[in-house]
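Below is one structure, written out as C-alpha coordinates; the observations come after it.
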Amino acid sequence: MSALRTQLDALIEQTTLEVSDNQRDQLVGYVEMLNKWNKAYNLTSVRDPSDMLVKHILDSIVVSSHLQGQRFIDVGTGPGLPGIPLSIMNPDKEFYLLDSLGKRIRFIKQVLHELKIDNVTPIQSRVEEFQPQDKFDGVLSRAFASMVDMVEWCHHLPKAQTGCFMALKGQLPQDEIDQLPDWCSVTDIKALQVPELEGERHLVILSRKE
(Lines of atoms letter the chains of each structure in order from A and count residues from 1; the text may use other names and numbers.)
(Lines give C-alpha, C1' and ligand atoms only; values in the text may rest on other atoms or scores of the structure.)
Protein backbone atom coordinates (compact mmCIF):
# COMPACT_ATOMS: atom_id res chain seq x y z
CA MET A 1 0.00 0.00 0.00
CA SER A 2 1.35 3.44 -0.92
CA ALA A 3 2.23 6.05 1.71
CA LEU A 4 -0.50 8.30 0.30
CA ARG A 5 -3.10 5.55 0.67
CA THR A 6 -2.00 4.91 4.27
CA GLN A 7 -2.26 8.64 5.01
CA LEU A 8 -5.70 8.88 3.36
CA ASP A 9 -6.96 5.91 5.40
CA ALA A 10 -5.78 7.60 8.61
CA LEU A 11 -7.49 10.88 7.64
CA ILE A 12 -10.78 9.19 6.76
CA GLU A 13 -10.73 7.36 10.10
CA GLN A 14 -11.01 10.78 11.77
CA THR A 15 -14.33 11.44 10.00
CA THR A 16 -17.72 9.73 9.81
CA LEU A 17 -17.40 9.27 6.04
CA GLU A 18 -17.95 5.87 4.44
CA VAL A 19 -15.41 5.43 1.66
CA SER A 20 -14.96 2.15 -0.22
CA ASP A 21 -11.62 0.62 -1.18
CA ASN A 22 -12.15 1.55 -4.82
CA GLN A 23 -13.08 5.14 -3.93
CA ARG A 24 -9.94 5.47 -1.81
CA ASP A 25 -7.84 4.20 -4.73
CA GLN A 26 -9.48 6.74 -7.05
CA LEU A 27 -8.89 9.61 -4.61
CA VAL A 28 -5.20 8.67 -4.29
CA GLY A 29 -4.97 8.24 -8.07
CA TYR A 30 -6.34 11.75 -8.52
CA VAL A 31 -3.73 13.21 -6.14
CA GLU A 32 -0.96 11.35 -7.99
CA MET A 33 -2.18 12.74 -11.33
CA LEU A 34 -2.57 16.25 -9.90
CA ASN A 35 0.97 16.13 -8.54
CA LYS A 36 2.37 14.88 -11.86
CA TRP A 37 0.53 17.39 -14.08
CA ASN A 38 1.10 20.24 -11.64
CA LYS A 39 4.81 20.30 -12.41
CA ALA A 40 4.12 21.27 -16.04
CA TYR A 41 0.72 22.98 -15.90
CA ASN A 42 0.74 24.77 -12.53
CA LEU A 43 -2.77 23.62 -11.58
CA THR A 44 -2.55 24.25 -7.83
CA SER A 45 -0.33 26.20 -5.44
CA VAL A 46 -0.24 23.15 -3.14
CA ARG A 47 2.94 21.29 -4.16
CA ASP A 48 3.15 18.41 -1.69
CA PRO A 49 0.90 15.39 -2.40
CA SER A 50 0.37 14.71 1.31
CA ASP A 51 -0.80 18.32 1.73
CA MET A 52 -3.12 17.81 -1.24
CA LEU A 53 -4.83 14.97 0.64
CA VAL A 54 -5.77 17.34 3.47
CA LYS A 55 -6.24 20.66 1.66
CA HIS A 56 -7.89 19.33 -1.50
CA ILE A 57 -9.31 15.84 -0.93
CA LEU A 58 -10.58 15.91 2.66
CA ASP A 59 -11.57 19.57 2.32
CA SER A 60 -13.81 18.57 -0.61
CA ILE A 61 -15.29 15.24 0.51
CA VAL A 62 -16.49 16.51 3.90
CA VAL A 63 -19.18 18.34 1.89
CA SER A 64 -20.50 15.03 0.53
CA SER A 65 -23.22 14.44 3.13
CA HIS A 66 -24.69 17.90 2.45
CA LEU A 67 -25.42 17.30 -1.25
CA GLN A 68 -29.20 17.22 -1.73
CA GLY A 69 -30.38 16.26 -5.20
CA GLN A 70 -28.96 14.71 -8.35
CA ARG A 71 -27.36 17.34 -10.62
CA PHE A 72 -24.51 19.58 -9.51
CA ILE A 73 -22.25 22.08 -11.22
CA ASP A 74 -18.84 23.06 -9.86
CA VAL A 75 -18.10 26.58 -11.14
CA GLY A 76 -14.49 27.69 -11.49
CA THR A 77 -13.51 24.10 -10.78
CA GLY A 78 -9.79 24.65 -11.49
CA PRO A 79 -8.21 21.18 -11.61
CA GLY A 80 -11.52 19.62 -10.50
CA LEU A 81 -12.04 20.80 -6.93
CA PRO A 82 -14.32 19.98 -5.22
CA GLY A 83 -16.00 18.29 -8.23
CA ILE A 84 -13.71 15.30 -8.83
CA PRO A 85 -13.51 14.15 -5.17
CA LEU A 86 -17.28 14.64 -4.78
CA SER A 87 -18.01 12.72 -7.98
CA ILE A 88 -15.90 9.82 -6.68
CA MET A 89 -17.82 9.88 -3.39
CA ASN A 90 -21.21 10.09 -5.14
CA PRO A 91 -21.17 7.85 -8.22
CA ASP A 92 -24.99 8.00 -8.39
CA LYS A 93 -25.04 11.82 -8.86
CA GLU A 94 -24.18 13.90 -11.94
CA PHE A 95 -21.45 16.53 -11.82
CA TYR A 96 -20.65 19.24 -14.36
CA LEU A 97 -17.21 20.81 -13.93
CA LEU A 98 -16.85 24.24 -15.49
CA ASP A 99 -13.71 26.28 -16.04
CA SER A 100 -12.63 28.79 -18.68
CA LEU A 101 -9.03 27.53 -18.97
CA GLY A 102 -8.32 24.80 -21.50
CA LYS A 103 -5.37 23.26 -19.62
CA ARG A 104 -7.58 22.59 -16.59
CA ILE A 105 -10.32 20.96 -18.66
CA ARG A 106 -7.71 18.83 -20.50
CA PHE A 107 -6.40 17.63 -17.14
CA ILE A 108 -9.92 16.80 -15.92
CA LYS A 109 -10.65 14.81 -19.11
CA GLN A 110 -7.47 12.79 -18.56
CA VAL A 111 -8.46 12.12 -14.92
CA LEU A 112 -11.90 10.88 -16.00
CA HIS A 113 -10.28 8.57 -18.56
CA GLU A 114 -7.54 7.13 -16.33
CA LEU A 115 -9.65 6.74 -13.18
CA LYS A 116 -12.74 5.51 -15.07
CA ILE A 117 -15.06 8.18 -13.66
CA ASP A 118 -18.29 8.27 -15.69
CA ASN A 119 -20.54 10.74 -13.83
CA VAL A 120 -18.67 13.94 -14.76
CA THR A 121 -19.10 16.30 -17.73
CA PRO A 122 -16.24 18.82 -18.18
CA ILE A 123 -17.18 22.19 -19.71
CA GLN A 124 -14.77 24.85 -20.96
CA SER A 125 -16.70 28.11 -20.69
CA ARG A 126 -17.06 31.30 -18.72
CA VAL A 127 -19.81 30.76 -16.19
CA GLU A 128 -21.99 33.65 -17.37
CA GLU A 129 -21.88 32.30 -20.96
CA PHE A 130 -22.89 28.74 -20.05
CA GLN A 131 -26.62 28.30 -20.67
CA PRO A 132 -27.68 24.74 -19.77
CA GLN A 133 -31.01 23.31 -20.90
CA ASP A 134 -31.49 21.62 -17.54
CA LYS A 135 -30.85 23.54 -14.33
CA PHE A 136 -28.98 22.22 -11.27
CA ASP A 137 -29.89 21.11 -7.76
CA GLY A 138 -26.68 22.63 -6.45
CA VAL A 139 -24.15 25.19 -7.70
CA LEU A 140 -20.83 24.54 -5.94
CA SER A 141 -17.91 26.91 -5.60
CA ARG A 142 -14.62 26.67 -3.76
CA ALA A 143 -11.99 29.40 -4.02
CA PHE A 144 -13.89 30.80 -7.02
CA ALA A 145 -15.18 34.25 -6.10
CA SER A 146 -16.95 36.18 -3.38
CA MET A 147 -20.47 34.93 -2.64
CA VAL A 148 -21.85 38.17 -4.07
CA ASP A 149 -20.10 37.58 -7.40
CA MET A 150 -20.97 33.90 -7.31
CA VAL A 151 -24.73 34.39 -7.04
CA GLU A 152 -24.71 37.22 -9.60
CA TRP A 153 -22.66 35.29 -12.17
CA CYS A 154 -24.45 31.97 -11.55
CA HIS A 155 -28.02 33.19 -10.94
CA HIS A 156 -29.25 31.33 -14.06
CA LEU A 157 -27.89 27.90 -13.01
CA PRO A 158 -29.93 26.56 -10.03
CA LYS A 159 -33.40 25.05 -10.39
CA ALA A 160 -36.08 27.70 -9.81
CA GLN A 161 -37.71 26.52 -6.57
CA THR A 162 -35.39 23.86 -5.21
CA GLY A 163 -31.88 24.73 -6.43
CA CYS A 164 -29.26 26.25 -4.15
CA PHE A 165 -25.79 27.76 -4.15
CA MET A 166 -23.15 26.01 -2.02
CA ALA A 167 -20.06 28.08 -1.20
CA LEU A 168 -17.06 26.47 0.51
CA LYS A 169 -15.41 29.07 2.69
CA GLY A 170 -12.80 29.37 5.42
CA GLN A 171 -13.83 31.72 8.19
CA LEU A 172 -17.45 32.75 7.94
CA PRO A 173 -17.41 35.79 5.60
CA GLN A 174 -19.99 37.99 7.33
CA ASP A 175 -19.11 40.95 5.10
CA GLU A 176 -20.01 38.90 2.00
CA ILE A 177 -23.25 37.73 3.60
CA ASP A 178 -24.18 41.34 4.41
CA GLN A 179 -23.67 42.36 0.77
CA LEU A 180 -25.83 39.65 -0.83
CA PRO A 181 -28.49 40.93 -3.26
CA ASP A 182 -32.10 41.21 -2.07
CA TRP A 183 -33.27 38.16 -4.03
CA CYS A 184 -30.83 35.81 -2.29
CA SER A 185 -30.57 34.65 1.31
CA VAL A 186 -28.50 32.30 3.45
CA THR A 187 -30.58 29.21 4.25
CA ASP A 188 -27.96 27.22 6.17
CA ILE A 189 -24.38 27.36 7.42
CA LYS A 190 -22.48 24.15 8.17
CA ALA A 191 -19.26 24.16 10.16
CA LEU A 192 -17.03 21.58 8.46
CA GLN A 193 -14.53 19.42 10.33
CA VAL A 194 -11.49 18.71 8.16
CA PRO A 195 -8.88 16.49 9.88
CA GLU A 196 -5.43 18.07 10.25
CA LEU A 197 -6.46 21.29 8.49
CA GLU A 198 -5.62 24.48 10.34
CA GLY A 199 -8.29 27.15 10.45
CA GLU A 200 -12.07 27.11 10.13
CA ARG A 201 -14.05 25.74 7.19
CA HIS A 202 -17.70 26.48 6.46
CA LEU A 203 -20.25 25.49 3.87
CA VAL A 204 -22.66 28.37 3.22
CA ILE A 205 -25.91 27.38 1.51
CA LEU A 206 -27.82 30.13 -0.26
CA SER A 207 -31.06 30.16 -2.19
CA ARG A 208 -33.40 32.46 -4.04
CA LYS A 209 -36.04 34.03 -1.82
CA GLU A 210 -39.60 32.94 -2.55
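Each Cβ is built from the backbone N, Cα and C atoms, and glycine gets one as well.
Listed in TrEMBL:
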{"type": "BINDING", "residues": "G76, L81, V127, E128, R142", "note": "S-adenosyl-L-methionine binding site"}
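Overlay of TrEMBL feature records on the structure.
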| residue | record | Cβ within 10 Å |
| --- | --- | --- |
| G76 | S-adenosyl-L-methionine binding site | 22 |
| L81 | S-adenosyl-L-methionine binding site | 26 |
| V127 | S-adenosyl-L-methionine binding site | 22 |
| E128 | S-adenosyl-L-methionine binding site | 12 |
| R142 | S-adenosyl-L-methionine binding site | 21 |
Subject >> Binding residues G76, L81, V127, E128, R142 (S-adenosyl-L-methionine) - maximum C-alpha distance in whole Å >> reply: 19
Subject >> Three-state secondary structure, E128 (S-adenosyl-L-methionine binding site) (per DSSP) >> reply: helix
Subject >> Secondary structure at R142 (S-adenosyl-L-methionine binding site), reduced by DSSP to three states >> reply: strand
